[in-house]
Amino acid sequence: MTAAIRHDWSREEVEHLFALPFNDLLFQAQTVHREYHDPNAVQVSTLLSIKTGGCPEDCAYCPQAARYSTGVKAEKLMSVEAVLARAQAAKDAGASRFCMGAAWRSPKDRDVVKVAEIVAAVKGLGLQTCATLGMLSQPQADTLKAAGLDFYNHNLDTAPDYYGEIIHTREFQDRLDTLDHVRQAGLKTCCGGIVGMGESRAQRAGLLTTLANLPEHPESVPINRLVQVAGTPLAGTEALDPFEFVRSIAVARIVMPASVVRLSAGRESMDDALQALCFAAGANSIFYGEKLLTTGNPDVEHDRRLFQRLGLKPMEVEIEPGAVHADIVERADAA
Ligand code: SAM
Ligand code: DTB
Ligand code: SF4
């Protein structure tokens, strides 16, 4: 019987999944994975920080918050031409989605106009587009959709009852509101969180329960393992047991069967065996390319070799046509 798409998970049920013997949990996750996905296909996204650092927020994990001394220099929004060159390189290297991140609490309307131009141009290269720009109003989400944006990434980050330990400059409800605007605009959602921030297992279950009980499961669910960056309040947090990370992936797979679950930040410090376990637990997406936003990621040669050794192939994705304006195409040609 195919696993149902449910939105009524209780935290106790999800905690029970976390507590299963490891092999039983992986078997269940792998079974669900095969019902909904090709188990050997992995979606490949490349990230680019299009506006780095200087962020007014206080997210305790983040190297881009202006208030922490992390060595990240604040930069202005990149030009369309500069972003296009990076997007083309990502496409040439084999990525099917290009994800653009900006260190904003929320963009100004004039920023959204500029990002919309960037999105339309990247879309014109024949890539899926994703942006993560902070909180969005409904009209801002609508503008990005009209420009050809496919996905918007906005994470819940952690369980509602741990959120106050991590971020004080905006509320959990603000995140739910942005996700609502994104869905209303007809964008696909990319929404997940971070584990290894000192939360309890029950709180990891709380994060995944909240994600699974959203009005619609996010199409893409990034599970990040905290990248500890010196200067952030979370630097020095006790490292999460690697098997607990695999369990988090497996539980995400089980509670959101049709979603693409991304083995997201943190891969640089994982060996190949741990990553293979994550794929076996139901992860079917990665960030590909030497850099995430400001921190490192495995190099592409290593990932190609890993795919080869595991018999994995890049997931074929549908690129929906975008609204491409002639002047943007001209710029792309010139870049
Ligand atoms: N400023 C926007 C926002 O916060 O919504 C967009 C960019 S922000 C860097 C995107 C996401 O990256 C965060 O929500 C968080 O989940 C993830 N992230 C940031 N720093 C991280 C770290 N050190 N380790 C793991 N994930 C991290
Ligand atoms: C997500 O869930 N993880 C990505 C992406 N969405 C934007 C970001 C990871 C950032 C890791 C820290 C850095 O490189 O700055
Ligand atoms: Fe700013 Fe986003 Fe980093 Fe929070 S996660 S400090 S909002 S860039």
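Cβ atoms are placed via backbone N, Cα and C, with glycine included.
Feature annotation from TrEMBL assigns [4Fe-4S] cluster binding site to C55, C59, C62. In the three-state DSSP reading, C62 ([4Fe-4S] cluster binding site) counts as coil.
The Cβ of R262 ([2Fe-2S] cluster binding site) lies under 8 Å from the Cβ of Q43, S45, C190, G192, S220, V221, P222, I223, A283, S285, I286, F287, each of which sits 6+ residues away along the same chain. What TrEMBL records for C99, C130, C190, R262 is [2Fe-2S] cluster binding site.
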Residues satisfying Cβ distance under 8 Å from C59 ([4Fe-4S] cluster binding site), sequence separation of at least 6:
A65, D157, I166, I167, T169
So if I draw a 10 Å sphere around the Cβ of C62 ([4Fe-4S] cluster binding site), how many other Cβ atoms end up inside it?
26
Can you tell me which of these binding-site residues sit near ligand 1, meaning the Cβ is under 6 Å from at least one of its atoms: C99, C130, C190, R262?
none
If you draw a 10 Å sphere on the Cβ of C55 ([4Fe-4S] cluster binding site), how many other Cβ atoms land inside?
23
